[in-house]
Amino acid sequence: MPAMVPGWNHGNITRSKAEELLSRAGKDGSFLVRASESIPRAYALCVLFRNCVYTYRILPNEDDKFTVQASEGVPMRFFTKLDQLIEFYKKENMGLVTHLQFPVPLEEEDAIDEPEEDTESVMSPPELPPRNIPVSGGPCEAKDLPLPTENPRAPEVTRLSLSETLFQRLQSMDTSGLPEEHLKAIQDYLSTQLMLDSDFLKTGSSNLPHLKKLTSLLCKELHGEVIRTLPSLESLQRLFDQQLSPGLRPRPQVPGEANPITMVAKLSQLTSLLSSIEDKVKALLHEGSESTNRRSLIPPVTFEVKSESLGIPQKMHLKVDVESGKLIIKKSRDGSEDKFYSHKKILQLIKSQKFLNKLVILVETEKEKILRKEYVFSDSKKREGFCQLLQQMKNKHSEQSEPDMITIFIGTWNMGNAPPPKKITSWFLSKGQGKTRDDSADYIPHDIYVIGTQEDPLGEKEWLEILRHSLQEVTSMTFKTVAIHTLWNIRIVVLAKPEHENRISHICTDNVKTGIANTLGNKGAVGVSFMFNGTSLGFVNSHLTSGSEKKLRRNQNYMNILRFLALGDKKLSPFNITHRFTHLFWLGDLNYRVELPTWEAEAIIQKIKQQQYSDLLAHDQLLLERKEQEVFLHFEEEEITFAPTYRFERLTRDKYAYTKQKATGMKYNLPSWCDRVLWKSYPLVHVVCQSYGSTSDIMTSDHSPVFATFEAGVTSQFVSKNGPGAVDSQGQIEFLACYATLKTKSQTKFYLELHSSCLESFVKSQEGENEEGDEGELVVRFGETLPKLKPIISDPEYLLDQHILISIKSSDSDESYGEGCIALRLETTESQLPIYTPLTHHGEMTGHFRGEIKLQTSEGKMREKLYDFVKTERDESSGMKCLKNLTSHDPMRQWEPAGRVPACGISSLNEIINPNYIGMGPFGQPLHGKSTLSPDQQLTAWSYDQLPKDSSLGPGRGEGPPTPPSQPPLSPKKFSSSTANRGSCPRVQETRPGDLGKVEALPQEDLPLTKPEMFENPLYGSVSPFPKLVPRKEQESPKMMRKEPPPCPDPGVSSPSIMLPKAQEVENVKGTSKQAPVPVFGPTPRIRSFTCSSSAEGRMPSGDKSQGKPKAPASSQAPVPVKRPVKPSRSEMSQQTTPIPAPRPPLPVKSPAVLQLQHSKGRDYRDNTELPHHGKHRQEESLLGRTAMQ
């Protein structure tokens, strides 16, 4: 019982919470006992001495006696109870660092108001889920009724008492629906015939003739209906049966006696027939669709677009035929085909980020020339629908046997204990408010559907049938059930395409109760995890505590779920679910509210009507708690652009019901975004949120369903190319000069555990050396003692997709003090590269891990992934939007997570390009001095947290720290492009400016590109194929940190390092301190260099919030070395005044076929907001033979 638990026994509190409580106590000898995190049934005794916490493990033996784990040679003492152990060690000099003196009591605030947690459900009977309790009384009910006791010894009185009891029960029932003759027959049976049947039983007979007579009378009409219905059903069955069964031929119906046995047989036959008919119709329809319609599940879709020819906009039509794998270009919708391109000839889709309806398509002609075609769609949704259809086409006709990308639908809905409407297909089509899918994508089925419900009144089979039927209606496909798991009325269902059935394995389900006293299942979470080929996926559906004032309780709910939900690989015991999965999706009714005074309810309603969501999101509890790193640490959420999903009046979406009369008074439920979808993925893996919104036409609940769809990168079950039995010993992973910084007061030694699926088993290191850090932190250095890791497969296609999980553990208790993740997708092999990951434990930030890594792989290269097919070019307008992936309100901009780092070039293998990674600089460091945002919008990296004090190494692979605002690059290196991610805000992608000659293609619309790497803005990097010269000062001190943020030039003002296209203009650059706007010369190629930040002079102070406007550099500043202009192509020779020869740089490793497409002039829309079809620039279709590029 709780009352008997000693005050010093804190149960399952975390280690960090124990340290906090002891530090708060502040007295030497303060102590508490908590459950061990590493050994079941064991405890940890925590003692404070000289501001350090010492932890002793209390172990049970086979006889359930307790002992404190001691060093070798120290005698062990056993105690039958914990109380006896504590009393013993209160004596001095018993072996502890100090004797136990001051027990730290339990915090009782949670227990005081815990029963009120679900008051709303308890006090609102209509909202309770219905129960299928039989109306007829059972034995328990009969015992509750008083029995007459006048003469208990008379047997006939006993029979009369039973009769009277049943009569009373019949009278208490609602019999208004019974026919009068049926009711009279039942009463007659109870009055006389019940006793006669009783006499039959006493004689040993098993028959109840009078009861049979009663049921025959009641079923008389039913018998006639069955006799009349059966022939019709048999005829219908034969109609759909392909092979006639002799047993089902029509036979003459002989009127039989309406007795119960006959009725049961007939009803059984009727039930069997109905089931058989349904199965046969389903089979017939399925076979018919397979043979006739299956190949046209996705019909051809035509898009009306605009294209320019000689500056004149022309209307065009793009027809996408997914099934035949063709993109058809027509001048009129119903006209003949002008030309078409097969899926193999469509090389790249490049989305403009400045103009969200503009798209560039790179296609290959029959003469092996690369053609760049630019189109403007009617809106951004049409462009997204077109891209999804093209991606589906590439995927459908891919020569790869296994997918490297899947799409996932996530849906969450609090059903309000009401059955759903008949039609819920808008939910699965992502239709309604917010970021929704275009109609053209309706026919594209997702690979996996995950549906989470709360307050779900239906049974599992009933709900599953509704879901499968709705998806069948939407996709014409029957989905396989992967898992279904229910806790109380919290449920999660996972469905997958039939073709993925053999790719899904290791399915695991679990639940955690967080309701009253953490025992009742009125609140909590359910989860499902599984492997999709080589990728681990996890899904959590939670229903957290309600009530605006119970924010801290919700935070605790989240922590409990995080800690105790057992999903995924059991070998990863040191890690919770945030590190066990490549992709983790968290959905549900999280119940976080808009925290505003109740008297502002009507003002909130008006802001919702005016769609001023950002004003309300500034007070959203979940966003504020995430900003403070209290919950969902390192999770991401798409920008919210839909109305609050709670609390509506039922059967309408036009009115919020924000008041509710309770027994305790008026309760306010201000409109809030209670229903959310968040996710967390390993570093350097592809994940893009394609839609996030709520439906508008499903109104049976006071919540609206919420949908989110994702592209997620997956890996295959890789088989080594060395063949069976071959020894793959070329690969090696080496960690060097690693150290961890921990936020702890514990006095103990630490070691590392390294886990990965690319290792045969986990690896344990030697103990590190402890040092005193800043602000009470502890620094643990591992130096050169870490073991070298031997991967099971060293092929780069496999190894570079892997991750290493790191856990730093105490040598005394084997408890983890922090966990992190390092990606092996390195820029180059055979070199030491910096690495970084934040360390977390039970959802709290506990420190950082830094060091260097050296990766050795076998020969090979990375193949192109499907998600590389769609890229996004960046321009300056995107900088102002890219902090909107959390919300659009200003308070969040200081905390916005950056995108994932791109996959970078591998000098000896192949270039790895992925547009959805964290911004990384040279050798994994942030791109210092090459900021893409203004100072107040500096993107942080993976960890989302404050800039660590020691940034000498810079972030490396994995969850990096915030990008320092200004540090010189080591050497020029190519930039990779960014892809569309989170709507208008892609993940920032910055790659190392290291190897000479590797440069990014210009994103100018007419300009042919090197593969899909699109950068047009000098803020983001060089777009010339020529190397960038680095100032001597930067070469001499590549790792010097500077506090000043880099300047962010105005669109019309060139940076000191912007190269002009002509020689005389270059001289002007050297002689001026304030640069004039860059002139745009017709078709003349415009050459750009990297934006330089070689010194701190002329830089704005770190606190400047000038939104990227630069200060003029000092006049004494040395001129920046300038790259030579590009030699124009032959098609442009006639338009240039003075050709300037220049030596060609080394060819990039990847896609040399389109290198020279960088040499033509494109349009520049940075200085105006005019759309491309307004006729200011020339047509940008240029052809260039591949042979000319060698």
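Just so it is clear, glycine is given a Cβ too, placed from its N, Cα and C backbone atoms.
Matching 309-323, 339-353, 444-458, 1014-1028 against Swiss-Prot, the residues noted as region 'Interaction with DAB2' span 1014-1028.
If you compare Ser971, Ser1037 in Swiss-Prot, the phosphoserine annotation sits on Ser971. Your range for motif 'SH3-binding 3', going by Swiss-Prot and the list 498-509, 714-725, 1038-1049, 1122-1133, is 1038-1049. Annotated range for motif 'SH3-binding 2' in Swiss-Prot, selecting from 519-524, 807-812, 969-974: 969-974. Region 'Disordered' is the annotation Swiss-Prot gives to one range among 11-30, 111-130, and that range is 111-130. It is 914-917, from the ranges 814-817, 830-833, 914-917, 982-985, that Swiss-Prot records as motif 'NPXY motif 1'. Across the residues of the region 'Interaction with DAB2' (1014-1028), the predicted structure has a mean pLDDT of 39.
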